[in-house]
Each structure stands twice: as structure tokens, then as C-alpha cells.
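TrEMBL lists HIS73, SER113, HIS114, ALA115, GLY146, ALA147, ASN175, TYR286, GLU367 with the feature thiamine diphosphate binding site. The feature Mg(2+) binding site is assigned by TrEMBL to ASP145, ASN175. Annotated domain 'Transketolase-like pyrimidine-binding' per TrEMBL: 316-480, in sequence order.
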Amino acid sequence: MSLLASISKPADLDSLSQAQLDQLADEIRAFLVESVSRTGGHLGPNLGVVELTMAVHLVFESPRDSIVFDTGHIGYVHKLLTGRQDFDHLRSRGGLSGYPSRAESEHDIVENSHASTSLAWAEGIAKGRRLAGETGTSTVAVIGDGALTGGMAWEALNDIAAHKDLPLVIVVNDNERSYAPTTGGLAEHLAVLRATRSYEQVLSWGRRTISSAPVVGQRAFEALHGMKKGLKDIIAPQVLFEDLGLKYLGPFDGHDISALTTALRRARDFGGPVIVHAITEKGRGYEHARNHVDDQFHAVGVINPETGLPLEIAGRSWTENFSETLCEIGREREDVVAVTAAMLIPVGLRDFAQAYPDRVFDVGIAEQHATTMAAGLSFAGRHPVVAIYSTFLNRAFDQVLMDCALHRQGVTFVLDRAGVTGSDGASHNGMWDFALTSIVPGIRVAAPRDGEQTSIALREAVDVSDGPTLLRFPKGSEPRPVPAVARRGTLDVLARHPAPEGQAQQVQDARVEIEDVPSLALDEPVDVLLVGVGAMAQVAVDAASVIADSGASVQVVDPRWVLPISEDLLTAARSARYVGVIEDHVAANGIGSALAAALAETGEPLAVHRFGLPKEFLDHAGRNEILADAGLTAPVVAEKVVAVLHPALL
Ligand SMILES: Cc1ncc(C[n+]2csc(CCOP(=O)(O)OP(=O)(O)O)c2C)c(N)n1
Ligand SMILES: CC(=O)[C@@H](O)[C@H](O)COP(=O)(O)O
Ligand SMILES: [Mg+2]
């Protein structure tokens, strides 16, 4: 039986010899490569924390001691050591979550994958324990160098430093990378600290040799130690953490279990906040990860473990389409600049950065800063495009509201991963952006239905200079183009059943240029109006065909610019007996709610049937599985509409 198979709880580590611990680390690495290659997941980050996680569990006694993993994507080894070794369905329905999960284990505390929160969590836990009179327990946060660039981390460090007797251990997992190499002054500082590692090595050599020499040994060693401290201060004059008043230990080799356990025991027994700086390698032990330039296999799909090459070939993604259009705009408009929060490649800014290196700003994992800096860029005559995952904009709401919108700054937000993402679990779904932005005065929000509309919306957005604009699209491959039969203003008519005289029910060829027909009649009475929002447009078109078979007249529209609600959409809604809005967003406070509110404000309240996501945190599963669970499929939408209509139709 493998050593790994013999580990069912952290205490099982205690009986292992150093050689066995090293063997276990090798077994875990081999397991991760084999298993995550089959399922996809955060292979690189977890290969980098094998020894570190083992050392944490050797020194601290989870769950009596609390161990918080920042961002949570580095929790695989922790799971393996806490009784969860079936990774066959990792991040799939019914399988292990890709992040800590309280439902899975008492050892798991923070499930949310939003970076930079671990120190606040840990400080709160430590303070709460102290108030509860608990003694002898420890609280540990494991935070990456990338997450350490987040504002929340520094808010916490500032506060923690004021509590010199708070028993709190902060393990900095420094692999020099977020996805790409970590940016900013902190990254440079950590690099300097890493450079002093050689002094640690000299010091430990001194501890082993000089101090053992008879008589002069100890004095010579103390002289060396003093020199080392002095040299360290010269090389790293501002040992940031120590200047904050925090005890700093390190840097240590984050793959040396013995060195780590020694340091962690010192930290545990210190009795106050201690930072233990561990230097690790993302993708350690797997050459394809180590050699992967973009992100050292930060998050892989299904790959061939022998070659490291992907086994799943995806179609052209929404992100790629955005990237191409932004580069075109960049050629035409030198005022357009781009901003990312440590996700240059995932959000599609690589090509723009290569073409215009001076016009891209990677601010680290700092979305709030990114947003307000964008307001400043706009004030200075640039037009910033802030490319960000929908879910991560949540934390920058105040900056959108009070920096960009209040000052009417022309800033464009491009939200990738909007709607259901699925496999990354509840904290990654971008299902709240309409709700958040619908209350922002002056913002204009677009939900393009396909790649072509994304390009059009982006161009329209960067042309707006008197307030923020935002467009959002989902994860993955872009759909087949969804053609329109007519257009009025920003509203596209995608289908009509029956078709007006001389008009096709539905245009098959999306390449047909749609003329804007201001006189297009939108107020012809119709039984059903379906509003297909963004990527749900095709669902609306398909559902309309089924509804029409029941004898009802149906019109399908795509508002394109969904907020604020347009007069054209209000006109279309007033002409219908039944209005349904289909959106990849929480049904509560989405576009359906905004339409209902707008109708009510005009004194013509009308029931708007909202087809959206439940106001729940959705467990990890495939995107299409979750959309189906929510009834966001054409057959289910059609069935619900006809069930309401039929009595009236009979
Ligand atoms: C607020 C927020 N922004 C962006 C992300 C996306 N993200 C996930 S992991 C990661 C990099 C984290 O780097 P680091 O903390 O150094 O951990 P590592 O992956 O290097 O172990 C980023 C940017 C996130 N999870 N949370
Ligand atoms: C942990 C984290 O926030 C990211 O790594 C996220 O998992 C990436 O998601 P995508 O795979 O959608 O880029
Ligand atoms: Mg890192």
C-alpha cells in the first residue's frame, strides 16, 4: 500500500520518518499530476505546496487549530491529508470541490475563492478565540505572493501588527507568481528577501559548524548572526513586515519539510503574529508545468500527462473575440488603454499588451485599485478598458459607483466569466453583475448575444466618454451567431411568429447587415414577448418556435444594451400579454426585475416572468448542468410559457 493511501487524517503524518515524509511528498506529486491531468484543475499551484501543506499539518492540529488557505485553489494537498483522496470527479457534479468546502470536511474553513481574504479571516478567528478564553490553539493563514498584493491583505496586516500578542501564523507561499510573475513593489521586496536566503543558508551552515567549535564557536556564531542581520538590513533595508512590527521568519525553502516544521514550531510558540516566508516553485516536480511560460499550469483543462498538452480543443472563445476587437480598436484609438488585476492572459489582454506594452496596466490582485485607477486614467484623457471576471468586480462596486459613475468617467468594464461558470463553484459564478450595476446612476450595460455583437458593443462602449460602460459575456466558446430580423435603436428583433407580411420569421444568415429601422413597429399586439439577454438569446429564439406551435403569436427581442431599460424595450413589452425575460443571472434584481420596475414607473405595471438563476450559492457542476437545473433551456421555458398562456388561448 502506498504511504498516501495510509493517510486518512493529519495525525497519521506524525509517525512518519523524514524519509517517509519525503516519499509521501513524491507520491502526492505523482497523484496530483495523474489525477488533475484527467479532470483539470489547479495543478501548478498545488504542486507547489506539497511540502508546505504537509509541514503545516505536522505542526498544527487541524481542526483544533484553524488553517485558512487564501483563494482556496491550493487546497488539494490539504484535502488529500484530511481524508479526501477520490479526486476522480474533482470540480464536477458530485465530486470534490476545487476549493475548501465545509460540507466536505471539518478541516475546511474558507470556501470563497476570492483572493486576499485569508488574513482577515485568520485575524478574526484568532481574536474570537482569545475572547472565548481559548488558549493553546493556533490560527494559521496560508497566503500566496499574488494574494498578498490585494488590498484586503494589507488592511489585515496593518491591523494584525497592532496586536503583538495575537497568536497568528501567516505563511507566505512565495512562488513569485500569480498567473504571471507577481507585479508591484511587494513582489520586488519579496524578491529581495528571497535573495537573503543565501544568508539563511550561510547562517545555518554557521549554526552547524562554527557554533559547534569549542570555546570561540558560540561567539563566532553570534558575530556571524549579527553580520547576517546587518547584511539583511543592507540588502533588504526595509524588511517590510518587520517595519510593520510583525515578526518575520525566513525566507525558507518551501520544499524542505524539516526546515519548514522547525520554523512553524517557532512561529506557533512565539505567542504573537508571525510571518513565515516560504519560497516555493509553482508546478514543482512536473517539467511541463515548470516550463509553461504563461502561468506554470495555474489552471489546466484535461491534459496528456506525458506531454502536458491539452486533450480538449475548445472553439474560439468569447475572450478571444474580445481580444481581437480590442487590438483593432487599439490601432484606431491611441487613447484606449487596458487594465487587469493580475489576469492579463485569462481576460484576453495578452495580444493588446504585446502590441501596446505602454498602454496595459497589471496592478496585481487589486480590483478596487484597478477600478479607481481607471477613473484617474479617464480623467487624464485615456479611455481605460478594465478587463475582469464578473465575480471579481463584486469587490469593486463602490469604486464603480463612487469613482467612475459619480464622476461620469468614461471607463469601460469588460466582464468575462459572466453568468454561470460552474466548475469553480459558487464564488466564481458571475451572476450578480446586473443587480450591482442596475443601481449605478449613469452606467450603461450591454449583454452581447454572440461574438459579433460583442465586437459591436465594445466599439460602442469605448465611444462613450461621459460615464462608465460595461459589457459582459460568459466563459467558454462563443455560440453560433444569432441573427436578427430587424432593429430599432439598440433593440434587435430576433424572431416573430407569425412573421409580418413579407418578412422572414427568422433570418438564418447572421451576415445579413441589419438596418436600423426607427419606424419599425414594436407595438403590434402579440401574445408573448420573450427577451433573450446576452448568451440566452438563442434559448429565447428556440423557445419561441415551440410556443408558436401552440398557436400563440410570439416576438423575441435582444435589448443589446440592457441597462438602463430602453424606451424601445418598454414599447415592445407594452404590446404583449405575456412578457418573459431569460437571463444568465440571478432572477432577482436582474434585467427582468429592471424591466418590471421600469414598466411600473410608467404607471403601466405588467407581470414580467423572470427566467434566471435562483438567489442561491450554486454548487460546482458544469455550466450547462446548472443552467438546466435553473430551467434556462428552450423546452422548459416554452413549457412554462404555454402553461400560463393556454387557458387564455383556449
Ligand atoms: C479577487 C480575486 N481576483 C482574481 C482572482 C483570480 N486568481 C485566482 S488564483 C490567482 C493568482 C494567485 O496568486 P498567488 O496568491 O500567488 O497563489 P499561487 O497561485 O501562486 O499559489 C488569481 C489572480 C481571484 N481568485 N480573486
Ligand atoms: C482560482 C481562481 O480564481 C482562478 O484560477 C480561476 O479558477 C480561473 O478560472 P478560469 O478557469 O475560468 O480562468
Ligand atoms: Mg504565487
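Each residue, glycine too, has its Cβ placed from N, Cα and C.
Sequence features annotated in TrEMBL and their locations in the structure.
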residue	record	DSSP class
HIS73	thiamine diphosphate binding site	coil
HIS114	thiamine diphosphate binding site	coil
ASP145	Mg(2+) binding site	coil
ASN175	thiamine diphosphate binding site	coil
GLU367	thiamine diphosphate binding site	helix
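Taken in sequence order, the binding-site residues HIS73, HIS114, ASN175 that lie near ligand 2, meaning a CB under 6 Å from one of its atoms, are HIS73. In this structure, the C-alpha atom of ASP145 (Mg(2+) binding site) lies 7 angstrom from that of ASN175 (thiamine diphosphate binding site). Note on HIS114 (thiamine diphosphate binding site): other Cβ atoms within 10 Å of its Cβ, all shown chains, come to 20. Sequence-distant contacts of GLU367 (thiamine diphosphate binding site), defined by Cβ-Cβ distance under 8 angstroms and a gap of at least six in the same chain, are ALA341, ILE388, PHE392, LEU393, ARG395, ALA396.
Proximity of GLY146 (thiamine diphosphate binding site) to non-local residues of its own chain (separation of 6 or more, Cβ distance below 8 Å) is seen for ALA115, ARG177, SER178, TYR179, THR182, ALA342, GLY364, ILE365, given in sequence order.
With a cut-off of under 6 Å between the Cβ and any atom of ligand 3, the binding-site residues HIS73, HIS114, GLU367 reduce to an empty set. Within the same chain, residues at least six positions away from ASN175 (thiamine diphosphate binding site) with a Cβ under 8 Å of its Cβ are PRO45, GLY48, GLY144, ASP145, GLY254, ILE279, THR280, GLU281, LYS282, GLN296. Long-range C-beta contacts of HIS73 (thiamine diphosphate binding site), restricted to its own chain and to partners at least six residues apart, with a cutoff below 8 Å, comprise HIS42, PRO45, ASN46, GLY98, TYR99, SER113, ALA299. Of all Cβ atoms in the shown protein chains, 24 besides its own fall within 10 Å of the Cβ of ASP145 (Mg(2+) binding site).
Across the residues the record lists as binding thiamine diphosphate (HIS73, SER113, HIS114, ALA115, GLY146, ALA147, ASN175, TYR286, GLU367), the two Cα atoms farthest apart are 31 Å from each other.
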